[in-house]
């Protein structure tokens, strides 16, 4: 009997070790699936995010810079407001297309700003930025091939006035953009389904405001991609420093006023409108 008890205890102990090992294995798989693993072992979901960022940035830059190039080559047939609308719509549709996969950053400044606020893992920042740069460069290269490589139709961004003026303007409009993104995409009290519409509308407004002065980049990849293809690096630092500083400041500004993580319904339980809605739901 004693031998039988020892055997059963050994068996139970072995199964316990196996269960713990299986649990640890599942945790490691989940850890890697979230892209949090160390080293170069990228998980399939993380690779999917990178591909989504490449495609999203490509189509965004292709549509926006394509509108700029066509407007230049066809004597302004699209018009400046038309170009602004194209940029806004391009951002909106791509947010809805791949936002649920990668978060739809399409912008190294946005990725970096999220990381500084601990809303994006730092170790994924280089891969995201590289994907965004690749997408933007490929899009600019495609436009260069389509329009015969003519330098007079440069779809990049150049200051119309002084570098300081464009720097300040890029800081302000990127601050505005990142503030909106933080509100609609990271706050659980916001209506997430409207994120694409809100961000696209913000892009449209910013292009209308700053387009004639700085080109309304708001995105280092948007400026660096065409600059590398066209070989035009004049004042490129403006479109790196301004958007990065503006995005980080905008993200932190919203982070400061984010006083709670509770949903809106829990915060405003005393509101008469929500009370009436609750009564209607309970009565039905």
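Along the chain as shown, residues are numbered 1 onward.
Placement of Cβ uses the backbone N, Cα and C atoms for every residue, glycine included.
Among the features that Swiss-Prot reports, compositional bias 'Polar residues' is placed at 1-12.
The compositional bias 'Basic and acidic residues' annotation in Swiss-Prot covers 17-28.
The feature region 'Disordered' is assigned by Swiss-Prot to 1-28.
Residues or ranges marked as transmembrane segment in Swiss-Prot: 50-70 (among others).
Summarising the annotation, Swiss-Prot assigns transmembrane segment to 78-98 (among others).
Long-range contacts of the transmembrane segment (129-149) within the same chain, counting only residues at least 6 positions beyond its ends with a Cβ under 8 Å from a Cβ of the stretch, are 50-51, 53-62, 65-66, 69, 73, 105-108, 111-112, 155-156, 221-222, 224-226, 228-230. For 129-149 (among others), the entry in Swiss-Prot reads transmembrane segment, with the evidence type sequence analysis.
What Swiss-Prot records for 166-186 (among others) is transmembrane segment, and it gives sequence analysis as the kind of evidence. Sequence-distant contacts of the transmembrane segment (166-186) (same chain, six or more residues past either end, CB-CB distance under 8 Å): 103, 109-110, 113-114, 117, 119, 159-160, 192, 194-195, 198-199, 202-203, 206, 209-210, 213-218, 235, 238-239, 241-243, 245-251, 253-255, 258.
The transmembrane segment feature in Swiss-Prot is assigned to 194-214 (among others).
Listed by sequence, the residues of this chain that lie at least six past the ends of the transmembrane segment (236-256) yet keep a Cβ under 8 A from its Cβ atoms are 107-110, 112-114, 116-117, 119, 157, 159, 163, 166-179, 181-183, 186-187, 214-215, 217-220, 222-224, 227. Sequence annotations record features per position, and here Swiss-Prot assigns transmembrane segment to 236-256 (among others).
Beyond the transmembrane segment (78-98), the same-chain residues lying 6 or more positions past its ends with a Cβ under 8 Å from any Cβ of the stretch are 52-53, 55-56, 59-60, 63-64, 66-68, 70-71, 104, 106, 195-197, 199-201, 203-204, 207-208, 211-212, 216.
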